[in-house]
């Protein structure tokens, strides 16, 4: 048994003294300096000093984590006389910190983003110490019994064998720290395996930092704004709420609704998003992983052979003698995906334009007056709805004849297939967004993007950060248009095309648009470049991703698995990544035979109303059992054509539809006038093929259908299940009752 000496008390006292000194010095510098300082940075230090719970956790993360996680040999940087060991908010942040934060797509460096970074990408993080010896994995067998015994210190020490310098051996090495990487590495550790995770950027991946979490925070604010507007515009005071005219002026953009001034503070909306994101961050943070028993490396993971991986820390190069070198029994690739960016040949001028993607959209501190979105999938429509509600003039450019087109690149699982109800959903959703002022252009071809005004330089951005006030909002200077770029798009479109996507010369229009924010939401591509996959004998497609079989196993290297957005032909969804990770841990370490094709994967778009879809066949397999691209036509659960395909004259499924305008809860809520539930079953049976729901709570309602499909419950089972009254979920039950009644009619 190894005894670990506790951290000396004088170090903790010195750290507290340092924080106190920094706070005092900063308060002196903060006196009437033309408001270029940041009171919230002072409050950050004050909280570290005065809030016992927060202060203890901060100091523990910096100084004690290596002691509490000695089995992983992780060494966190101890506090010193320099304040650079942790992220600090502007203006205490160094210029190097600002550059690094922007490279990680995190901005501004306020107290909340500092909290986020200290959790998911700690500064000066020290990778696990390595020696000239390493423990040969104790889990040489495939059985769970053998694997769970690997954590015995005595057994590990007994199997130490000489190895090259900086070498470690693991049962499971995971490249990537998003949903798939976190779940696979941590679950393996919980089940007794020696596991590590390599994090090259921000732990939590896109979902936490630039996807699900921040987008839903914005959508919640947008929904509340729409509710307030709805109440304010009720002429007969139906809700019993009265508004009085505002007499005080505000610095935020305002609108008049029935003589009531509604002021929308975009900076406060973004501040709330950053605050909530930082509150969620610890669950994905390094300290949580260390406490579970997972070793963590910060750097890029590159295969050097089919059984070894080299970690390239920031600032180091491949082959550096100090780089950690890891051998593995099994490895998992969980590197995620990135936004698809058209080449300069496809859209001239785009490459040099200051465009936006989901990676940096949530760094905005100024509401763009005009936003153009290229794409019409889930990301595009969610952000179109939110920013239109906030006050931006939003134009959505669809490359096809309708939104939610099945031709979307790297679809997240919500883009439709023919005949499954998505076409009807697209019409309802387009009308809902148009009511908020969103303009849709169809069959668009972008000819050129010109940059009329570039993005502000770092000096301008940093200077603008002085505009924060104690209430968390920004002053007038952050609403100046010169803090935003300006672009001009030349394009053709055709909203009146009858013949598919063929542009009719008669109805084609040429349009020029200007915008301060050009959001690219054209789908996603896999992160599989510069990983040495050839060295690892891992076959992949350069944009689709890693090629795997039904067990999430590489088709070319049986010791390598892949999960999430980096995998070819799987739904690119956070919950899919997490579920794939569970499959991988079972199959790779415990001789499991769990199949990806058994997964039932719902997808939700969180517009208002929401759109949710689930299908019985989330994946398609070829004759070799390899995961391949799903056909665009609807297929039944056995792989036979289920109708809706082009040129098919016979409908091979039954359709059941419930309109929410007849649902009592929808009537009472005053919502969902156009909402519906569509459930399709195999012809003559109640075996569910798919479900499509448009409702304010579609994301909650779809889970009942997912559960039924997963466990073989037919539509009659849903119809006979008692549902609470009044609920929107009764509409799902209504489809089941229709099926039951259809059997009565044929007796």
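Even glycines carry a Cβ here, placed using N, Cα and C.
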From 83-123, 124-164, 165-205, 206-246, the residue range that TrEMBL assigns the feature region 'Disordered': 124-164
Range annotated as region 'Disordered' in TrEMBL, from 384-403, 404-423, 424-443: 404-423
Across the domain 'FAD/NAD(P)-binding' (170-580), average pLDDT on the 0 to 100 scale: 88
